[in-house]
Amino acid sequence: MGSGSGWKGRDVISILDFDRDSLEQLFEVADKFSSLLRERGRIPLLEGYIVALAFFEPSTRTRLSFETAAKRLGADTIGFTSEEAISIAKGETLADTIRMLDSYADMIVLRHRYEGAALYAAEIAEHPVINAGDGKQHHPTQAMLDLYTVRKLFGTIDGLTYGVLGDLRYGRAASSFILALTIYRPRMIYLISPPLLRVRPEVRMVLDERGMRYREVESLEEVLGELDVLYVTRIQRERFPDQREYEKVRGSYRVTLELLEQHARRELRILHPLPRVDEIAPEVDGTPYAAYFEQARNGVPVRMALLALIAGREV
């Protein structure tokens with residue numbers, strides 16, 4: 001469902017489905033919700049709506065921020081947090097589960113381990129489908145809140161030098177963020193990873209097609225001093241087909257305060273989609289470098305804006 005530049009009734013499958021104007025509209029609405037939430041806890045634009053949260057994979061921040069966003073807007077939520085909790089465990093197909101949810105709810109927020117699951121669901125459902133992460137490449141709403149965070153921190157997304165660090169092969173948040181940057185005009189993108197975890201060919205193809213300046217490197221120290229934004233990701237253990245491969249790359253990078261003080265610009269800001277394991281040392285948390293908790297907080301106003309725009313409700 002839903003196409004064109006307008007938001008009403010639109011599916012959210014890939015960040016590449018959106019242009020700059022659509023994203024700027026989203027960010028302006030998110031700014032309004034950010035201000036309104038400081039004044040009052042509830043803005044009942046979606047009173048009477050039901051939002052289905054269909055999480056076939058575990059999630060903390062994404063699921064809870066969508067649930068909070070829906071409830072702050074006055075909507076009710078239904079859903080589940082794993083396949084084991086529903087009839088999929090008894091052999092029900094994804095298609096039948098989507099049809100059931102579509103008959104109950106006004107929107108479906110879907111997370112699934114298989115790539116293409118959100119697009120498949122959108123083809124079946126009459127109501128809008130929002131991809132909350134599927135497979136290894138797409139996590140569009142995470143990319144939206146990541147861009148929004150950069151915009152709030154720097155006043156712009158253009159003209160900055162970005163480093164994306166860690167699991168660029170299996171990490172869908174990293175892939176989506178890299179793809180999202182191609183909608184803007186970054187000065188430079190450094191893709192920092194071990195050889196086993198280099199960015200996927202289809203992501204590299206988009207970078208090339210859109211004329212992005214980027215470079216693949218293994219050493220963080222080599223480029224850290226140039227960066228305005230460092231986007232750190234954990235190594236995605238659960239997505240490795242071979243655990244021996246995981247053991248080769250686990251702990252490849254660790255961002256410490258000492259490393260930052262030696263190499264980073266004072267203006268550098270660090271993002272992380274969370275959860276983290278040990279890739280950012282806890283002593284970084286209390287420094288101006290750390291923007292990842294603010295980034296997580298931005299999930300609620302951005303997802304409120306998303307739900308309201310798709311419902312066609314004005315702030």
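Glycine too: its Cβ is placed from the backbone N, Cα and C atoms.
Residues or ranges marked as carbamoyl phosphate binding site in Swiss-Prot (evidence: sequence analysis): ARG61, THR62, ARG111, HIS139, GLN142, LEU274, PRO275. Taken from Swiss-Prot, the feature L-aspartate binding site covers LYS90, ARG172, ARG234, and the record attributes it to sequence analysis.
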All-chain count of other Cβ atoms within 10 Å of THR62 (carbamoyl phosphate binding site): 24
Residue among binding-site residues ARG61, ARG111, ARG172, ARG234 with least C-beta crowding, 10 angstrom cut-off: ARG61
Spatial neighbours of LEU274 (carbamoyl phosphate binding site) that are distant in sequence (at least 6 apart) but have CB under 8 A: ARG61, TYR292, ALA296
ARG61, THR62, ARG111, HIS139, GLN142, LEU274, PRO275 excluded, remaining Cβ within 8 Å of their centroid (carbamoyl phosphate): SER59, THR60, ALA132, GLY133, ALA173, PRO273
For HIS139 (carbamoyl phosphate binding site), the number of other Cβ atoms found within 10 Å of its own Cβ: 28
Other CB atoms within 10 A, centred on GLN142 (carbamoyl phosphate binding site): 27
Around the Cβ of PRO275 (carbamoyl phosphate binding site), the count of other Cβ atoms that are within 10 Å: 8
Spatial neighbours of ARG234 (L-aspartate binding site) among the binding-site residues THR62, HIS139, PRO275 [C-alpha, 10 Å]: PRO275
For ARG61 (carbamoyl phosphate binding site): DSSP state (helix, strand, coil): helix
